[in-house]
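Visitor: OK, Swiss-Prot features for this one:
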type	residues	note
TOPO_DOM	1-13	topological domain 'Cytoplasmic'
TRANSMEM	14-34	transmembrane segment
TOPO_DOM	35-859	topological domain 'Lumenal'
CARBOHYD	50	N-linked glycosylation site
CARBOHYD	74	N-linked glycosylation site
CARBOHYD	210	N-linked glycosylation site
CARBOHYD	262	N-linked glycosylation site
CARBOHYD	378	N-linked glycosylation site
CARBOHYD	429	N-linked glycosylation site
REGION	576-859	region 'Heparan sulfate N-sulfotransferase 1'
BINDING	593, 594, 595, 596, 597, 687, 810, 811, 812, 813, 814	3'-phosphoadenylyl sulfate binding site
CARBOHYD	608	N-linked glycosylation site
CARBOHYD	643	N-linked glycosylation site
CARBOHYD	715	N-linked glycosylation site
DISULFID	796-805	disulfide bond
């Protein structure tokens, strides 16, 4: 190689590298340009005909503006008893899903020889009875049928039931057993019409549809003066018969609503919903307003050729204006990850620019800068990417009108990633978000809201559209699936069942065939056709305020075990692990002053058993399911069980009579076993008061100073006074069956072990051996590790030859209870003791001697 005199040989090699770099630079950008620009012109969206109401021109003005009517009963709790063919029946699950969606309290039981208890303390326990199978009701054992009918008549409780055709039965016209009502089975109907009835609220009276299917398994009822048609079927010869019937109760005193079809038909399902609100609602609880919010997530995120272009943006603006014909003040909410702005081809980049130019026409909310998954990052990193996204919004003049944000894939919202919540509040001042993951993705009817760390979390809904659904002809399983969802299916009922619906869509659903615009246009048309629902829009902040005013019981989150849900496990922050067991297998739930501390200390002697770490300020108890510690969350609770053994337990005696503990414990540890200690409630109340009294005296509490004895507390009658509240707390733990009912709503009886307090005090080793066997633990010689202490007057642990007894506050002796006070307390607990006796005997459980004696004396 000849080197010119003007070129230093030492520069040749660097210049070669520079030339290569420049070449690669231009090659890269030329290839990048080939991949990205210019974009291919889009085909026009496929034209699909919109839904047309079959009675669009019909005049139903005679039925409008009718005052909504509700059933009135006599002194019953707002709860529903559901008697199912089986707890696993498909139709039964559909009933329960609707009850869950409407937040109705209910008890579901499979039909059996025995009815559940219907009354409590001179009140009816249920405001509505639902029997899944009307044949089972008609053929119920005589005693049970009389008992159920008597309850319904006395408390004016309506009964709902469903009846199905028997396919192989040759009889067509059948008289209902014990009634003048006639029914026709295996029928085919040509038209189904909503009949005038006070039952209807959502259903539009007069609405009808002609049935094109050839199903011939309908049950129809003949209408007479004692029976009113709610939903009417017209058969081929023109006769009209009831498909859903209201029995006015003139013959047997029991008002009924009988369905001649299951909930698979959308008109039947709406009628069932109307009937539920007629039976359980009132003017304050029920409303026809439904608030709809449509979020467009990831407006800049997506692969090239899948994103929106200029024409899509123009159409989006036009559709937003058009949707206001259906929904007052409607606006789309657009979520952004700024890093992906102008990341498409030429046409898509122009679409992004047009969107920014029209930013003021929409409501905007932040995701993460690069669509980051929150659980993978700490506070510092989350803070930095949120700042980047905020700077993008400021530079592009995006109107962030509300403190609302959505985490990509709802990551970090639930299960809670505390550091994301903190970063949200610091950078965006977020007060409202939404997720589809609380408490679980499915069933959708079970989704709820909660408030955590000052952020209101609302339930979010899906609409059957995802990032890959862009063309009518390529929809998975065919687009008929979406049409079915719109026309009386899941999407239609999402709005009916939820006062506030926040829908998740993606920008891809507004490109190409614009499936989202078709979906919501036709959903609104169908709702307008068939229902009296009033669709409205409001800000996320207003929705959060309304939601938690309507459902205040949901403010406190219901923590679940994240390791039991694969979706939750996949988005756990690194600080939480499912690799080891970190939740208890056993809960000793009390009540207080029954020997629960002694039981826990003895059980912990077993080498295969471990207890929670001690918690400062609450003695040895975690008190997670019964106090402020619950707000600290799942991660805090799991951290209190560091030792992995065969059985992990915790003891918190405050759980037993806490109104929320059973529900919260069942959500977190549904398979845990429970131990309840049965102590004479008279003696327990006396010990509880003496312990509290001594504590209050030591702190010179004015209530204690003015209360010379438990007698004074028991005579307190003013429900607002501090003494009365102490009275209620004192007596509460002894009302065993009252509190057991709550625990048995969430745990089976097989999960509960009852221990006699007297037996525990006298023969602790025997009790512990029995408990260990129930827990499937290896045998352990408790008798050699527990010794009676004459000086203490109770049994203590024996560790390495030394006696270890409980502290001074445990096992203390109090002055003898007076006979007069004992009789007063015995009288107060008489009914509770009787109920406990019956409960134990009915379930063939051991009855303590003190209970046998208490019931014998009363008799």
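Just so you know, glycine gets a Cβ as well, placed from its N, Cα and C.
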Visitor: Can you tell me the three-state DSSP label for residue 429 (N-linked glycosylation site)?
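Guide: The residue in question, residue 429 (N-linked glycosylation site), is coil (DSSP, three-state).
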Visitor: Just give me the nearest neighbour of residue 597 (3'-phosphoadenylyl sulfate binding site) among the glycosylation sites 74, 262, 378, Cα to Cα.
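Guide: Closest candidate to residue 597 (3'-phosphoadenylyl sulfate binding site), judged by Cα separation, is 378.
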Visitor: Taking the Cβ of residue 608 (N-linked glycosylation site) as the centre, count every other Cβ atom within 10 Å, in any protein chain shown.
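Guide: So the number of other Cβ atoms within 10 Å of residue 608 (N-linked glycosylation site) is 13.
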Visitor: Taking the Cβ of residue 595 (3'-phosphoadenylyl sulfate binding site) as reference, which residues of that chain separated by at least 6 in sequence fall under 8 Å from it?
Guide: 677, 679, 757, 760, 761
Visitor: Expressed to the nearest Å, what is the distance separating residue 262 (N-linked glycosylation site) and residue 608 (N-linked glycosylation site) at their Cα atoms?
Guide: 52
Visitor: Which of these disulfide-bonded residues has the least crowded Cβ, counting other Cβ atoms within 10 Å: 796, 805?
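Guide: Output over disulfide-bonded residues 796, 805: least Cβ neighbours within 10 Å is 805.
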Visitor: Spatially speaking, which of the recorded positions 429, 608, 715, 796 is closest to residue 74 (N-linked glycosylation site)? Use C-alpha to C-alpha, please.
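Guide: Closest recorded candidate to residue 74 (N-linked glycosylation site) by Cα: 715.
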Visitor: Which residue, out of the glycosylation sites 50, 74, 643, shows the minimum number of other Cβ atoms inside 10 Å of its Cβ in this structure?
Guide: 50
Visitor: Secondary structure at residue 597 (3'-phosphoadenylyl sulfate binding site) (DSSP, helix/strand/coil)?
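Guide: The three-state answer is helix.
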Visitor: Across all the protein chains here, work out how many other Cβ atoms are within 10 Å of the Cβ of residue 262 (N-linked glycosylation site).
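Guide: If we count other Cβ atoms within 10 Å of residue 262 (N-linked glycosylation site), we arrive at 17.
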Visitor: Going by C-alpha positions, which of the glycosylation sites (50, 378, 429, 643, 715) is nearest residue 814 (3'-phosphoadenylyl sulfate binding site)?
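Guide: Smallest Cα separation from residue 814 (3'-phosphoadenylyl sulfate binding site) among 50, 378, 429, 643, 715: 715.
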Visitor: Just to verify a number: CA distance, residue 210 (N-linked glycosylation site) to residue 50 (N-linked glycosylation site), in angstrom, no decimals.
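Guide: So the alpha carbons of residue 210 (N-linked glycosylation site) and residue 50 (N-linked glycosylation site) sit roughly 19 Å from each other.
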